[in-house]
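Heads up, the thing below is written out as structure tokens.
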Amino acid sequence: MCRSALSFFALIDYYQYYFLFESITLDTISLIQPDDWHAHLRDGLALQRTVPDLAKQFARAICMPNLVPPVKTVEEALAYRQRILAHVPEGLDFDPRMVLYFTDQTSPQEISKIKDSEFVDAIKLYPAGATTNSANGVSDIRKVYAVIEQLEKHQVPLLLHGEVTHQHVDIFDREKRFLDEVLAPLLKQFPQLRLVLEHITTSEAAHFVLEHDRHVAATITPQHLLFNRNDLLVGGVKPHFYCLPILKRLNHQQTLLEVATSGNPKFFLGTDSAPHAQNAKENACGCAGCYSAPNAIELYAQAFDQVGKIDRLEGFASHFGADFYGLPRNTKQITLVKQPQTIVESLDYLEDQKIIPLHAGQTLSWRKV
Ligand code: DOR
Ligand code: ZN
């Protein structure tokens, strides 16, 4: 090979090395303040913990309605929103976005009230018995098709906990079965329905979303990007990794990482952060839910950085959810620096209880400043 050809290739090598090196050494990033499109804040004293934890990072959060009793009407949602706002720390702007809880009794008229509401954005469907506080959920989706028709007509998003609940269906197959048996027929009947498949956990769900048009989106939690079922089960049962839908195999985790970091606007941030007291998790019948709120954006940064895609975090965390909901993007910025920080072992909760946060005691490589 002649000398000039050799130096040409050396130059290419240099640039490849330079760009690789650049992407590896990115150690400060600024992004538009993120939003959490799926969070559980609960009510009463729990709000003292959950609202400040979320509001320190996020500008807005969808506040899930699975209270006891659930938030079933626009009026109840607005009252709940006021209780949340009362706990926002001084100096922070936080805009709680509200969602109704779909029951067998939800009236079609409630949907036009959502449409007209400034603060209520969607309705959440839990198949009855699927997860925490879902006993009042929908018993059979075909029974509520009249309400879904209104959702499609008014373009109000339907948020789905996508798992079937039949006793005989294996817990690891419940999401896939939901896609085949509930969601595919639903979209055939209502092709213009806007929907968010919440906290997806399988490559089948990711592909389902990819294969449908822009009306179909999904949220992804930090635990499903960072962990898989080995983290939950190998070497002893780790109840703080137990959430629903349950963590799946490594190959599913990898697909979720691929789609979350792909820049595809159908996938956006939704932590599913849910506060459960330590004694309710470390229990012979432990509750489902991971509490990620205090470090959520840093957990996502860790996941994106691990696959060399930290530059894709802003779209996922700060743009795509707002775009899907037709809300303006935030304008403030936050900064993350690549500096180790250790997640606290426990947090105070209610009067004398503790919460063990997701990944407690472990070191993250990113920190919000
Ligand atoms: O793990 C979960 N916890 N999944 C859910 O769907 C609900 C949540 C909760 O409310 O605790
Ligand atoms: Zn949830």
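Glycine is no exception: its Cβ is also placed from the backbone N, Cα and C atoms.
Record note: TrEMBL gives His38, His40, Asp272 as Zn(2+) 1-binding, and the candidate from Lys113, Lys115, Lys124, Lys354 in that site is Lys124. Per TrEMBL, Zn(2+) 2 is bound by Lys124, His199; the candidate from His87, His161, His166, His240 named for the same site is His161.
The substrate site recorded in TrEMBL comprises His40, Leu41, Arg42, His161, Leu244, His276, Ala288 together with one of Asn66, Asn136, Asn330, namely Asn66. Counting only the Cα atoms, the space from Leu244 (substrate binding site) to His199 (Zn(2+) 2 binding site) is about 9 angstrom. Only His40, Asn66, Leu244, Ala288 of the binding-site residues listed as His40, Arg42, Asn66, His199, Leu244, Ala288 bring a Cβ under 6 Å of any atom of ligand 1; the order follows the sequence. A Cβ distance below 6 Å to any atom of ligand 2 is met, among the recorded positions Leu41, Asn66, Asp272, by Asp272. Mean pLDDT for the domain 'Amidohydrolase-related' (36-331) in the predicted structure: 97. Taking His199 (Zn(2+) 2 binding site) as the reference point, the recorded positions whose C-alpha atoms are within 10 Å of its C-alpha, out of Leu41, Lys124, His161, Asp272, His276, are His161, Asp272. Using the Cβ center of Lys124, His161, His199 for Zn(2+) 2, the list of other same-chain residues with Cβ within 8 Å runs, in sequence order, His38, Met64, Leu125, Tyr126, Thr131, Leu159, Leu160, Gly162, Glu198, Asp272.
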